[in-house]
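Marked as compositional bias 'Pro residues' by TrEMBL: 506-517. Per TrEMBL, the feature domain 'Ammonium transporter AmtB-like' maps to 1-177, 243-306, 340-452. TrEMBL lists 483-527 with the feature region 'Disordered'. TrEMBL lists 6-23, 30-50, 92-110, 122-142, 162-179, 200-223, 253-270, 282-306, 363-382, 394-415, 435-455 with the feature transmembrane segment.
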Amino acid sequence: MVSSAFVFVMIPSLSLIYSGLGNRSFALTLFRLPMVTAAFIGLQWVLWGYTLTFTGSSMWWGGETRGNALQDVLVRPVSTGDGSDGSQIPELLFLLYEAMFASFTAALVCGGTMHRARPARFIIFISIWALFIYDPVARWSWSEYGWGKQFGTMDFAGGTPVHIVSGSTVAAFAVFCSIESKDSPREFFSEAVDRVKRRLGHLFKGFWSVLRIVIMVCTYGYLRPPSYDLSDQELGGSQEEDGTRPVFQPYNVNYLVLGTSLLWFGWAGFNGGSALGANMRAVSAWAATHFAACAGGATGMIWIWIWKALPDPDNNTNSQASVDQGGEEHHAEPRQFENLSVYFFCDGAIAGLVAITPAAGYVPIWTAVIFGVVAAIAVNLLKKETEIFLRNDPLQIFAVHAGGGLVGMILTGIFADRSRRVGYQILDGVSGMAYSFLMTLVILYAMKLVAYMFMPTPWKQAAEYDDEFQATMDQQWRHQLDAQGRPRAPPFQRPRPQQAVIPMQRYPPPPDLPAIPSPELQPVNSI
């Protein structure tokens with residue numbers, strides 16, 4: 001019961017993180033949407049989600065009606081499966097605990113909706129998503145009848161059903177919005193192919209540059225690496241009007257830090273509670289989770305410290321040395337990230353938490369440091385690519401959760417099983433990623449078809465808001481927002497209808513009249 005409460009705390013933690021990372025115009029929606037989503041998915045879980053996920057003997061779909069609407073969930077206890085003491089917990093408690101997982105996974109997807117869909121449509125989407133994506137994937141990973149469980153896949157607390165599924169869903173949402181922004185799907189795919197070619201060419205040139213640097217060091221500087229100029233257009237990256245690439249700035253770093261802290265706190269119930277009892281496996285899982293987060297956060301901080309001192313290879317103003325008119329060479333200035341070190345710390349800590357999730361109860365505690373370090377580095381490298389190929393994922397949920405979850409699944413196969421069954425771990429993670437991605441696109445296009453048939457309105461909520469449109473909490477609760485979520489102007493600033501102006505006529509001034517004395521005030525008797 002305590003672990004269930006801990007997992008519930010992780011949902012408002014996402015509200016803080018998403019609203020802190022998003023822009024000001026959409027902060028309110030990102031703040032409230034995770035809790036609303038959690039409520040809808042919790043209701044769905046009670047009505048049919050638990051039945052489809054954990055009951056019945058089918059490999060793909062559960063079917064015992066006794067679990068629908070909590071008809072009879074006390075028919076048998078659930079074994080913890082740890083040790084020989086035969087400890088068990090009530091099935092109703094197990095249902096409650098897994099309901100928190102379903103709500104948290106759906107809340108993770110909320111971060112991909114910034115300026116992408118109306119909240120009402122997202123609620124409909126996430127309800128269908130839970131039925132056709134989360135429930136089947138959770139069944140094959142955790143149910144004793146699921147094909148992943150029968151293959152021997154090791155997923156302690158949700159590397160595939162929670163993180164890989166949510167990250168892949170956001171990636172599919174981003175691709176869908178990118179296709180919608182183009183005139184035709186052919187234009188989107190041709191641009192995507194060109195972008196991949198340019199990126200591969202850039203990576204090859206970068207590899208060749210590093211190789212020349214190694215040769216230069218080995219030959220004591222006799223061979224000098226050539227400099228090359230790659231513009232942002234060649235990289236396929238976004239540009240500002242002045243030609244420079246924008247630097248990501250979180251809306252509220254304090255919200256991000258507070259949300260990460262609460263998320264870290266709730267992960268004690270997320271991983272530790274997955275042991276289904278107060279036992280040594282729970283202690284080991286929580287200890288490994290904490291140390292993986294520590295290692296990931298420290299790696300993320302060290303990463304940005306090192307990155308600050310290096311020139312940006314993807315910016316032509318920093319990729320090579322410049323020569324002034326006098327012939328003197330000036331080296332590139334290091335990149336400026338101002339006060340974003342704590343942002344990379346939070347990203348690294350979350351990456352460590354995500355990576356250790358499938359392995360927390362299976363691996364030795366000392367390996368948690370490896371999970372945190374490898375996940376933080378892999379996520380930072382993957383974020384560089386998602387900035388180019390998934391522009392409609394501004395919070396980079398795919399890189400952090402899907403990337404970190406896949407890293408965790410692979411490392412679990414390396415450190416948890418002596419037979420090194422890494423292939424089954426990769427199969428489970430890739431299957432969850434592909435299934436979630438394709439099914440999300442199917443759901444989105446089906447919803448688009450229905451919306452076009454009955455209410456032909458655009459899918460996207462609104463265009464990018466200007467900085468002058470900043471909704472405040474007071475405006476939100478006083479219903480001072482228009483249909484697009486923008487704050488209305490106060491009444492005294494609204495344009496008034498023009499009225500006919502009657503010109504004043506000139507009259508002679510009135511004569512001077514004697515002043516009228518005011519009457520004396522009489523005292524009033526008190527009652």
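Positions of Cβ are set from backbone N, Cα and C atoms, glycine also.
Curation plays no part in TrEMBL annotations; they are all automatic predictions.
Here the transmembrane segment (435-455) has Cβ contacts under 8 Å with residues 121, 124-125, 128-129, 132-133, 136-137, 164-165, 168-169, 171-173, 175-176 of the same chain, all six or more residues outside its ends. Listed by sequence, the residues of this chain that lie at least six past the ends of the transmembrane segment (6-23) yet keep a Cβ under 8 A from its Cβ atoms are 30-35, 38, 97, 100-101, 103-104, 107-108, 110-111, 114, 250-256, 258-260, 262-263, 265-270, 273, 346, 394-395, 465. Tertiary proximity for the transmembrane segment (282-306) is limited to same-chain residues at least six positions away from its ends with a CB under 8 Å from its CB atoms, namely 156-157, 264, 267-268, 270-275, 337, 340-342, 344-353, 355-357, 359-361, 363, 365, 367-373, 375-377, 380. Ranked by the number of CB pairs under 8 Å to the transmembrane segment (92-110), the listed stretches 30-50, 253-270, 394-415 are led by 30-50. Contact between the transmembrane segment (394-415) and the transmembrane segment (162-179) is supported by 3 or more Cβ pairs under 8 Å, counting only residues 6 or more apart in sequence.
Proximity of distant same-chain residues to the transmembrane segment (30-50), defined by a Cβ-Cβ separation under 8 Å and at least 6 residues beyond the stretch ends, is recorded for 11-12, 14-16, 18-19, 22, 67-70, 73, 95, 98-99, 102-104, 106-107, 109-111, 113-114, 119, 122-123, 126-127, 130-131, 134-135.
According to DSSP, the domain 'Ammonium transporter AmtB-like' (243-306) comprises 50 helix, 0 strand, 14 coil. Tertiary neighbourhood of the transmembrane segment (162-179): same-chain residues 101, 104-106, 108-109, 111-113, 116-117, 129, 133-134, 137, 185, 188, 354, 357, 390-393, 397-406, 408-409, 429, 432-434, 436-438, 440-441, 444-445, 459-460, selected by CB-CB distance under 8 Å and a gap of 6+ residues from either end.
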